[in-house]
């Protein structure tokens, strides 16, 4: 059973912020698969299909790990079958990269997941949100995208949803996916 979780913050006020790009990608993936989040459990929303689960935590980003840990335990999901989609401040807007494992790189939602799962050996799909205005990081990640950024944003969401779909539906190894998409 594979698990894809998009990170973001719940609530209308955060809907179009940089921090919620993980939610946006989940929405696009659900559209492609003609699915909707239909289960509410463990303080999150998800849909369980035959061999995968797609989910969004309903906690604030920095507390996402508890929801993921509960899904993993309940459905007996292997750590190697988890893909977490999140914003990446280290990448320019529009850059999309897969990562096998490793540190949180300052991303507090990922840090909480590492803490809750007791491992950093889960897969990530990191989506760049950086622009040149990084005076206050906390304010920046909770800011909305500027009109001139929307084309790059839509392109990143489309690319990331294709990668997430490939993770779910193909039999390619993660190394092969990284070689194919991390260019």
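The backbone N, Cα and C atoms fix where each Cβ goes, glycine too.
Together with 60, 62, Swiss-Prot lists one candidate of 14, 46, 75 for binding tRNA, that being 14. In sequence order, 8, 9, 10, 19, 59, 61, 63, 109 are the residues of the same chain, not among 14, 60, 62, whose CB sits within 8 A of the CB centroid for the tRNA site. Over all protein chains present, the Cβ of residue 19 (active site, proton acceptor) has 25 other Cβ atoms lying within 10 Å. Most buried of the recorded positions 9, 62, judged by other Cβ atoms within 10 Å, is 9. In sequence order, 9, 10 make up the list of same-chain residues 6 or more apart from residue 60 (tRNA binding site) whose Cβ falls under 8 Å from its Cβ.
Distance between Cα atoms for residue 87 (site 'Stabilizes the basic form of H active site to accept a proton') and residue 19 (active site, proton acceptor): 6 Å, as a whole number.
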